[in-house]
Amino acid sequence: MVSAVYPGTFDPMTRGHEDLVRRASNIFDELVVGVAHSPNKRPFFSLEERISIAREVLGHYPNVRVEGFSGLLKDFVRKNNARVIVRGLRAVSDFEYEFQMAGMNRYLLPDVETMFLTPSDQYQFISGTFVREIAVLGGDVSKFVFPSVERWLQEKIAKPE
């Protein structure tokens, strides 16, 4: 059985993220979506909210599990006995950062491979940052996120903490 980890902040989970999960879940026996705590990124949604959102969006995939984590990715990968780290590449601008991360992960986890997936064409430009900015400014994000995620965004914007 080959398990993979797809780590990210998922702030919020977008249709682009789900596209990668769908495709990766067809490749691996088990896919663990690791929702990173990422306090340095100052996420819009709390870790618990991001986990709940991801579970709502991805709950229908029988071989996909969503878990939160903090600390080093290498520890999360080991905990889940994963052999592959899945990463998305939207554009050339993502490549340099992801290439460096893959190199560091190879150093820390020599027996774990990093696999890059590019999103389907209609999702190439979507990012959680863009989605949040559009939503906060009152724009329509329905083409970028699922209805449940749009509701989460609207509720969070209406009741900021």
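The backbone N, Cα and C atoms fix where each Cβ goes, and this holds for glycine too.
Every protein chain considered, the tally of other Cβ atoms within 10 Å of the Cβ of THR9 (substrate binding site) stands at 18. As annotated by Swiss-Prot, substrate binding site applies to THR9, LYS41, LEU73, ARG87, with the evidence given as sequence analysis.
Sequence-distant neighbours of GLY128 (ATP binding site): residues of the same chain at least 6 apart with a C-beta under 8 Å from its C-beta are THR9, PHE10, ASP11, PRO12, THR14. Taken residue by residue with DSSP, GLY128 (ATP binding site) is part of a helix. Sequence annotations record features per position, and here Swiss-Prot assigns ATP binding site to THR9, PHE10, HIS17, GLY88, LEU89, ARG90, GLU98, TYR123, GLN124, PHE125, ILE126, SER127, GLY128, THR129 based on sequence analysis.
When secondary structure is read from DSSP and collapsed to three states, HIS17 (ATP binding site) falls in the helix class. Of all Cβ atoms in the shown protein chains, 25 besides its own fall within 10 Å of the Cβ of HIS17 (ATP binding site). According to Swiss-Prot, the site 'Transition state stabilizer' annotation covers HIS17.
Maximum C-alpha to C-alpha distance over the listed ATP-binding residues THR9, PHE10, HIS17, GLY88, LEU89, ARG90, GLU98, TYR123, GLN124, PHE125, ILE126, SER127, GLY128, THR129 is 18 Å. Annotation for GLU98 (ATP binding site): spatial neighbours ARG87, LEU89, PHE116, criterion Cβ-Cβ under 8 Å with sequence separation of six or more.
DSSP assigns ARG87 (substrate binding site) to a strand in the three-state reduction. Contacts of ILE126 (ATP binding site) defined by a Cβ separation under 8 A and a same-chain sequence distance of 6+ are given as THR14, ARG15, GLY16, ARG90, PRO119, PHE144, in order along the sequence.
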